[in-house]
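Colleague: Feature annotation from TrEMBL assigns region 'Disordered' to A:1-23. If you look up TrEMBL, you'll see A:C12, A:C26, A:C29, A:C35 marked as [4Fe-4S] cluster 1 binding site. Summarising the annotation, TrEMBL assigns domain 'AAA+ ATPase' to A:58-229. What TrEMBL records for A:G66, A:K67, A:G68, A:G69, A:V70, A:G71, A:K72, A:S73 is ATP binding site. Annotation source TrEMBL lists [4Fe-4S] cluster 2 binding site at A:C239, A:C242.
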Amino acid sequence: MAEVPNDAPEHCPGSTSEKAGTSAACEGCPNQSVCASGAPKAPDPAIEGIRLKMASVKHKILVLSGKGGVGKSTFSANLAHALASDGTKEVAVLDVDICGPSIPKIMGLEGEQVHQSGSGWSPVYVEDNLAVMSVGFLLGSPDDAVIWRGPKKNGMIKQFLRDVDWGELDYLIVDTPPGTSDEHLSVVQYLSGAGIDGAVIITTPQEVSLQDVRKEIRFCQKVKLPIIGVVENMSGFVCPKCKNTSQIFPPTTGGAQRMCEDLSLPLLGQVPLDPRIGRNCDQGKSFLNEVPESPASMTYRTIIQSKTSTHLCAHKLFSDTGS
Amino acid sequence: MAEVPNDAPEHCPGSTSEKAGTSAACEGCPNQSVCASGAPKAPDPAIEGIRLKMASVKHKILVLSGKGGVGKSTFSANLAHALASDGTKEVAVLDVDICGPSIPKIMGLEGEQVHQSGSGWSPVYVEDNLAVMSVGFLLGSPDDAVIWRGPKKNGMIKQFLRDVDWGELDYLIVDTPPGTSDEHLSVVQYLSGAGIDGAVIITTPQEVSLQDVRKEIRFCQKVKLPIIGVVENMSGFVCPKCKEFLITRRLRLLLVRTHPRSSHRPREGRRGCVKICHFHCWARCPWTHE
């Protein structure tokens, strides 16, 4: 049952509250008997199933942002490619952006389909050691809209975590949509038994982004999700002709650097705006592999291979990829 | 009740389906008796209340995009300011991005609070003829996170539409979050009695954006929401030093070629920029006709 069902009265205490079904506000609610029975408060059995499934996954990393369009999927894909460049590592990307799944396009996997076997759903492989799962693989056409309310999206995320045959993984990167809603709560809830190493928060320099990103940071704090660090994308643009740097998204309040200082969070890096990033995303190619000389590529590699991060979790996570 | 409740069995027909509570899959479901009673299928009485409330609003426009960060809120704010520059028009912006409300910041209204009166919630006024409502006005601090699942967001949207004292309006602009989920379905559902003039779809030139925007267009078609047109933001950049025009010209042409349903050819504008007029126009642009 949803936490506050659609037909709940105005002061519904919530279906998982101690007072569910018994408070004065519950009188007359069609869900009263169900709530009073205590059924909604039982832990979801899927959590244990997912914990067992995730036992073969060493590191689980969420890529989050309160703001849309800041480059979460781009970062997730580049991070995955960089980690998988070490052929001894097994890497996977799980795309839980149900309404706007960008990962298949960005990783050049449009048109691929998911297959079912006795051991579950088989993810789609970019490389031998890089697997991907997304709702995009379940659509008849890339233009098909997924018009689902929260509970149905939650069900899909549960299936992704419980039923995909990931095999042995060193890294599972979970790409998320913007916000602090169903998808985010569900991923954290369903992985509560398995544990999440931490979250990388993506932003752009302007205050309108940072405002939403601070909400995301509050979300992480509320659900006790460690924050590995913050990445600032679109951090300045260098004109290819005259080499002048322009701040297309000006950091009017100090950008991610100031925010990280204020909140005592590691700033993992500031990636400049390079039109070739978007072009490679559209073409499904790895920007790091196609344009290795770009300042943006070098910054991404620094972020991923950083040994200067003060966050212990990040150091442990990425230090074994080598420099 | 949610369409497919969290504890529903795998083949739940949906709580509003004809088979709700009576299909084989319903056996053992804790919601079976509620569904079988037909309670979830009754139309939400709020729809009629909202229809009455919206009777004093001449034009209702949704600003949509499947993609985040393309400039929906920026466009909504600029559209509102432009419409309100005619002092004889009453304009309002409703921000239904519950998790990431940008409108208060963009419109210079941070820190403002909403007041309740006998006639409902009073919106916050930017100008005498430009009102705004956002969940941002209900937070203790702009950094407070709204960590709500769909049903609670839907309840907030219902309140915004039913309880805000908008007064007489010429234009109500509804700014939305990216996607095709609870907020979008709820706005369309709750305004189904009042009617929506149409939607303006926002995109940026690259294909990763357009892919999500096509989904939004499909959403509009499915819910029979007229599309006023498409606005392409971030269409190129002129270097302030050398005046070189950069980035997106080539990618913008891809929008025209790859969109199969464009009913208009692009026309050249200033500096050779290709401008997309309308993807599809079912309604007169409400701000050009009276």
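Quick reminder: no glycine exception, Cβ is built from N, Cα and C everywhere.
Automated prediction, rather than curation, is the source of TrEMBL annotations.
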Colleague: How many Å lie between the Cα of A:G71 (ATP binding site) and the Cα of A:C35 ([4Fe-4S] cluster 1 binding site)?
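Modeller: So the Cα of A:C35 ([4Fe-4S] cluster 1 binding site) lies 41 Å away from that of A:G71 (ATP binding site).
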Colleague: Return the residue, from the listed binding-site residues A:V70, A:C242, with the maximum count of other C-beta atoms within 10 angstroms of its C-beta.
Modeller: A:V70
Colleague: Could you check the binding-site residues A:C12, A:C29, A:C242 and tell me which sit with their Cβ under 8 Å of a chain B Cβ?
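Modeller: The binding-site residues close to chain B are A:C242.
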Colleague: Under a three-state reduction of DSSP output, how is A:C26 ([4Fe-4S] cluster 1 binding site) classified: helix, strand, or coil?
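Modeller: Going by the DSSP assignment, A:C26 ([4Fe-4S] cluster 1 binding site) falls within a helical segment, counted as helix.
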Colleague: Per-residue pLDDT averaged over the domain 'AAA+ ATPase' (A:58-229) comes to what?
Modeller: 95
Colleague: Sorry to bug you, but what's the C-alpha spacing from A:G66 (ATP binding site) to A:C35 ([4Fe-4S] cluster 1 binding site), rounded to the closest Å?
Modeller: 32
Colleague: Other Cβ atoms within 10 Å is the metric here; tell me which of the binding-site residues A:G66, A:G68 scores highest.
Modeller: A:G66
Colleague: How many Å separate the Cα atoms of A:C242 ([4Fe-4S] cluster 2 binding site) and A:V70 (ATP binding site)?
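Modeller: A:C242 ([4Fe-4S] cluster 2 binding site) and A:V70 (ATP binding site) have their Cα atoms 26 Å apart.
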Colleague: Including all protein chains shown, what's the count of other C-beta atoms within 10 A of the C-beta of A:S73 (ATP binding site)?
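Modeller: By my count, 28.
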Colleague: Sort out for me which one of A:C12, A:C26, A:C29, A:C35, A:C239 has the most neighbouring CB atoms within 10 A, since those are the binding-site residues we care about.
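Modeller: That would be A:C35, with the most Cβ atoms nearby.
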Colleague: Which of these binding-site residues is closest to A:K72 (ATP binding site) if you go by CA atoms: A:C12, A:C26, A:C29, A:C239?
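Modeller: So, of the listed binding-site residues, the one sitting closest to A:K72 (ATP binding site) is A:C239.
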Colleague: Roughly how many Å lie between the Cα atoms of A:S73 (ATP binding site) and A:C239 ([4Fe-4S] cluster 2 binding site), rounded to a whole value?
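Modeller: Given the Cα positions, A:S73 (ATP binding site) is 25 Å from A:C239 ([4Fe-4S] cluster 2 binding site).
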Colleague: Express the distance between the Cα positions of A:C26 ([4Fe-4S] cluster 1 binding site) and A:K67 (ATP binding site) as a whole number of Å.
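Modeller: A:K67 (ATP binding site) has its Cα 36 Å from the Cα of A:C26 ([4Fe-4S] cluster 1 binding site).
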Colleague: Tally every other Cβ atom lying within 10 Å of the Cβ atom of A:K67 (ATP binding site).
Modeller: 26
